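Right, one structure below, let's go through it.
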Amino acid sequence: MGIKGLTGLLSQHAPKAIKEIKTLFGRKVAIDASMSIYQFLIAVRQKDGELLTNDAGETTRYLMGLFYRTLRIVENGIKPAYIFDGKPPELKKGVLSKRLERREEAKEEGEEAKETGTVEDVDRFSRRTVKVTREHNQECQRLLRLMGIPVVIAPSEAEAQCAELARGGKVYIALYYAAGSEDMDTLTFNAPILFRHLTFSEAKKQPISEINLKEALEGPLYSFPTFIDLCILLGCDYLEPIKGVGPKSALKLIREYGGLKGVVKHLREKAATQKAAQAAVESDEESEHEEEDEPAPTSDVEMPDPVEEDQDGEEEAEPKSSQATPKKKKASSKTKEKRKGKGGGGMQIPEEWPWEEAKKIFKRPSHVHRDLEWTNPDVDGLVQFLVNEKGFNEDRVRKGAEKLQKFLNSKQQGRLDGFFSVKPKEKAAAPAPVGKAKGKGKIDAKAKGTKRKVDEKAESSAGKKPRKK
């Protein structure tokens, strides 16, 4: 899911943090494997929304996409490493269960769309039912290892492992192009630099975006803990979003209350005040209903002859009651609308919202220390797996293996920024005082004093006259 609205906030309040670059040539990049596999699964489908299969009925689209996309990355002078998710944190189980519910709902709606809907409806609902399974991951890991591409299985979140590799200077982090995606979690895991829109598709030519965390923290936030607070408030994968909080209001709240702790306290107090006000309105409304149900106290006294005057009284009372009743109903409806407006609008924080646990995951994520190594592809293994088992074209597989051997084994041309480092400008030296010669080097105060004494002694000895005997 990512961090909602973070890209827009950085563009507005920390524009120096985002810049466009033309190429990642000569870089080593870490790629979130699950996200990539998911995109390949939903990319090409049949008219009925089902996945493309081979002659044996097996789904192979994700393997084909991973094989050829990785080839294009390598051909562009980039060395990729794929990071796979491990066991999800306990805090994420609630989000995963809700995703499962949404997939089941989409499956039912998709079946209805096949009967009454359009092709677009069927495709839309079928995309929502896609899930990356353990079998998908295992087959992709096998393919990548045969290609000579490093595979890292994270102990927990793949984004956290990517950030660890990036902090160690082993890789940069790159994301494939994904329309409308806000996959910025890696920054919250303290990744120094994130590259987005990594694509080599002719139909989706778009410059690569580089997001620099250090530049982002020099904007309106100034500290990494505050940045984490903002990301959690915007909405992350571990907590339900707070209704009524958008990017602008989130930044305003963080600034006003100094962090997420103060924001949560403020929202809790506000919710308690609204709840008390709502209870008071309901109590007043109940007392009004009780008064309406009580009989009029003078009705028995003013009717000595119940038979005759009851008929006349009914004729006279009907118009009065018909006029009075709507007023009371109108007043009660206004009260209900007022009560509904108080309880249903504004910012609403869930009763259970363990933001402290989410912050711990971002500050101290689970990761492993790994060295990455790119090796020669196993050509025979690729032919056995892709051609004999999955029905791929043998000529294309062998040509792809040749490209891998060529680009992975060739000595990679270095980047200029690998030879030079930017240094801050040194302050200009103060001009020497008039009448004193400029020395060629730096002489400390002690050396200067010693030299001055030697010069004075030489001058005095030269000016002395010899003594007469």
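Note that Cβ sites are derived from N, Cα and C of the backbone, with glycine treated the same way.
Residues or ranges marked as region 'N-domain' in Swiss-Prot: 1-103.
What Swiss-Prot lists as Mg(2+) 1 binding site is Asp32, Asp85, Glu157, Glu159, and the listing cites sequence analysis. Other Cβ atoms within 10 Å of the Cβ of Glu159 (Mg(2+) 1 binding site), summed over all protein chains shown, number 29. Reduced to three states, the DSSP call for Glu159 (Mg(2+) 1 binding site) is helix.
Around Arg69 (DNA binding site), taking its Cβ as the centre, 20 other Cβ atoms fall within 10 Å, counting all chains. In the three-state DSSP scheme, Arg69 (DNA binding site) falls into the helix class. The DNA binding site annotation in Swiss-Prot covers Arg45, Arg69, Glu157, Gly235, Asp237, and the record cites sequence analysis as its basis.
Here Swiss-Prot flags 121-257 as region 'I-domain'.
The region 'Disordered' annotation in Swiss-Prot covers 274-354 (among others).
Per Swiss-Prot, the feature compositional bias 'Acidic residues' maps to 282-295 (among others).
What Swiss-Prot records for 302-317 (among others) is compositional bias 'Acidic residues'.
Restricting the average to the region 'Interaction with PCNA' (412-420) gives a pLDDT of 49. Summarising the annotation, Swiss-Prot assigns region 'Interaction with PCNA' to 412-420.
What Swiss-Prot records for 424-469 (among others) is region 'Disordered'.
Positions annotated as compositional bias 'Basic and acidic residues' by Swiss-Prot: 441-459.
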(message) Between Asp32 (Mg(2+) 1 binding site) and Arg69 (DNA binding site), how many Å separate their Cα atoms?
(response) 14
(message) Can you name every residue in this chain, apart from Asp32, Asp85, Glu157, Glu159, with its Cβ inside 8 Å of the center of the Cβ atoms of the recorded Mg(2+) 1 site?
(response) Ser34, Met35, Ile83, Ala154, Ala158, Ala160, Gln161, Cys162, Asp185
(message) Going by Cα-Cα distance, which of the binding-site residues (Arg69, Gly235, Asp237) sits nearest to Glu159 (Mg(2+) 1 binding site)?
(response) Asp237
(request) Could you round the CA separation between Asp237 (DNA binding site) and Glu157 (Mg(2+) 1 binding site) to a whole angstrom and send it over? (result) 11
(message) Based on DSSP, tally up the residues of the region 'I-domain' (121-257) by helix, strand and coil.
(response) 63 helix, 20 strand, 54 coil
(request) Please report the number of other Cβ atoms within 10 Å of the Cβ of Asp85 (Mg(2+) 1 binding site). (result) 20
(request) Would you kindly give the Cα-Cα distance separating Asp85 (Mg(2+) 1 binding site) and Gly235 (DNA binding site), rounded to the nearest Å? (result) 20
